[in-house]
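Sharing a structure with you now.
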Amino acid sequence: MSHRIDNLPNVFNLPFKPNFACELDLQKQGFLYIAGVDEVGRGPLAGPVVTAAVILDKNRIPDGLNDSKKLSAQRRYELYHEILQSALAISIASLCARTIDQSDIRKATLEAMRRCIRGLAVPAHYALVDGRDIPFQLPCPATALIKGDQRSVSIAAASIIAKVTRDQMMECAGQVYKGYGLEKHVGYATLAHRAALEKYGPVVGLHRYSFAPLKKRYRDYMS
């Protein structure tokens, strides 16, 4: 199926908060079920990249939806449960560090997005994807929106689902791999994480050997 990529919006003209305007415009064009799609975890040294697709019920949109990075952990958690209870459909997909190393983070992210869109229990008629890129082989048309999580409440909802899901995964990983502080930094390259890597070394299957600073030091693993 071909995909429509509209002219990307002016990122310097963001709304005060995400809204449902893009979705309403698409619904007027005949696209009833609009999926917002976002990712979390492109940059960390450890853990998966997680994507989510969310189709909101326009009559039950939770108050306060916003880019997950702009919300406190407590507010994200509250909205996470509100989205779970009110959305028409939610799908989550993740790809592990080893898969990221075998392809690259961009390809892995797009593949995870493709999987979560295709995994929606209510098939999407259209997808709004955060960022510049659109996955291939989608079951519906799609548009990429730069800073989409600050424009579309559907994308904002997806960012919250993906963020809370990934944080929970990394908290579980922290219980298994003691000493790395994964439950605190969730895999990002903090000073504490770098110090733990110096002390213990990376964990195969958890850490991304294709990412600096691991890439140069563990080049043999990647060969």
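In case you wondered, yes, glycine gets a Cβ from its N, Cα and C as well.
As the structure is a computational prediction, the values presented were derived from the model and not from experiment.
Straight out of Swiss-Prot:
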DOMAIN    32-223  domain 'RNase H type-2'
BINDING   Asp38, Glu39, Asp130  divalent metal cation binding site
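In terms of burial and nearby residues, how do these features look in this structure?
DSSP assigns Glu39 (divalent metal cation binding site) to a strand in the three-state reduction. Neighbour list (Glu39 (divalent metal cation binding site), Cβ cut-off 8 Å, at least 6 residues apart, same chain): Val49, Val50, Thr51, Ala52, Thr109, Ala112, Met113, Asp130, Gly131, Ala162.
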Using Cβ-Cβ distances, find the residues under 8 Å from Asp38 (divalent metal cation binding site) that belong to the same chain and are at least 6 apart in sequence, listing them in sequence order.
Thr51, Ala52, Val129, Asp130, Gly148, Asp149, Ile155, Ala156, Ala158, Ser159, Ala162
With every protein chain in view, how many other Cβ atoms are within 10 Å of the Cβ of Asp130 (divalent metal cation binding site)?
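Its Cβ has 26 other Cβ atoms within 10 Å.
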For divalent metal cation, what surrounds Asp38, Glu39, Asp130 with a Cβ no more than 8 Å from their Cβ centroid?
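Here the nearby residues are Val37, Val40, Thr51, Ala52, Met113, Val129, Gly131, Gly148, Asp149, Ile155, Ala158, Ser159, Ala162.
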